[in-house]
Amino acid sequence: NYKIYDIWNAAFFAKETLYLHFPTFHGELSADISLLFKTTSSSGVLLENLGIRDFIRLELSSSTEVVFSFDVGNGPLEVSVKAGVPLNDNRWHRIQAERNVREASLRLDELPAATQEAPADGHIHLQLNSQLFVGGTASRQKGFRGCIRSLQLNGVTLDLEERAKVTPGIQAGCPGHCSTYGGLCQNQGRCVEGARSFSCDCSSSAFNGAFCDQVAFEPETSLSYSFKENLVNESNGSSSPTSSPFLPNLNLRAENISLSFRSGQSPALFLYVSSHHRQYLALLLNKQEQLEVRYRLESSKEEEILRSKVRSLANGQLHSVSVSRLADSVTIQVDQHNSSHLFLFRFEEPKIKPENSLSFVSLLVSTDSQDLDPALAQLGSLGFTGCLSAVLFNSISPLKAALIRPIASSVVVRGPLIRSSCGPAAAKPHFADLIDLIFILYFFLKEQRLLIFGLFLCILGLIAAIIFGIASALAILIRFLHRRKGTCQNQELTKTEDNNRLQFASQSISQYGPTESQKEYFI
């Protein structure tokens, strides 16, 4: 069986003259070779082992063809598979070559296997005596340039990485995992290459987790995130005009907000952002189950209310929301519906002066703070029952900040804050390593064509269990009916007798109880 380490056990050959060598391959009567490779080169020998006359070789003969060849004393025998697309596309391709006394076969990726029968009367033993060359050749043919991983010979995985560590010029592990698996990093997560695998950088995402797919909000919890215009020098108590590297310089001209929610409650306050000067914006769900954005960008003016046209959002389903504003132009997007383009009528272009710079001091989610506008305070006092995730205000993710830096002075949490999933499915495990292993194993099995086979076996097992259960139930039912039928037949025979005897029998039964033949047996 494959181990996770075996799956990613790889070596990178930067030059065609480089190779790894291993002890002689002993496959006298049978050989089973499997590996994955990726390259930008059009040809090269993947592995080779020589004897006095015999040999075995696996090579990329052209950019679209793989050849498996060997000689057991009857002359060279070749099996080849041609692909309809170039194989030097720097993507992983799988080869499986087999040889026994009857035939040889070669399979490339998901293409049909090519086979070649062995001579009926001839030599059958493959006799080798040289070292096994991987990524190169002892016969002075062109070597391989690229990556080889998960190399197995007759079920034994060769440790390419350990051998590469002691071989000059060859790199243990393979670069370029992101080209194949980078799509696993979700929600603007960035794929980062590793020696044997990859990781996802979630710093620019509002999500956490191994693949930036874990949300970070539990129902009935509130969180406050404070922005500070100046950093305070704790040593002398003086303030510095230098902005925090984590807190951008915010102003009244524009903002971008995004979040996801799931709730059956309306109305409900999702998010509230305010300044020192009672300027604010609020994102909420109104009584008509519509998304509503309230702006008050001038403390001396009344608030403006903008609404999305999408209704029935308090349906317990997960919804994604984004609100973008530039000056007086506001765009509201809900799920995949058409976005709403709206305008603020009371907006005035702010003057570009330092004193007009807006420093938001708090961002609250589901709160009943007394600093709120009275109408919003009443709405906030209702609390919020549901789930919020991926809350992002410009480049600030308050939920994520609370989880990563729970003791940071900028974050105040009321109530439990636990990693959870806002989706309809059960919450995912919080063990990043376990998730890594599961996903890596999934994609490996998919490459190895074992996933479909495994699912097929599971379905067959389930069907067999159902059939067995039905058959057992039928057997019990038939046995019960058979016993009951025998009893009914005896009773019919009794009824056909003359009335006098029936009367006598009835009296006898009444006096002495039922006979043995008239008893019913229940199983």
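Placed from the backbone N, Cα and C atoms, the Cβ positions cover glycine too.
According to TrEMBL, the protein has these features:
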- Cys147-Cys174: disulfide bond (DISULFID)
- 9-174: domain 'Laminin G' (DOMAIN)
- 175-213: domain 'EGF-like' (DOMAIN)
- 231-422: domain 'Laminin G' (DOMAIN)
- 450-477: transmembrane segment (TRANSMEM)
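For the recorded site, Cys147 (disulfide bond), the DSSP three-state label reads strand.
Residues of the domain 'EGF-like' (175-213) grouped by DSSP class, helix first, strand second and coil last, total 7 helix, 9 strand, 23 coil. In this structure, Cys174 (disulfide bond) belongs to neither helix nor strand by DSSP; it is coil. A simple Cβ count within 10 Å picks out one of the disulfide-bonded residues Cys147, Cys174 as the most packed, and that one is Cys174. As a whole-number mean, the pLDDT of the domain 'EGF-like' (175-213) in this prediction is 76.
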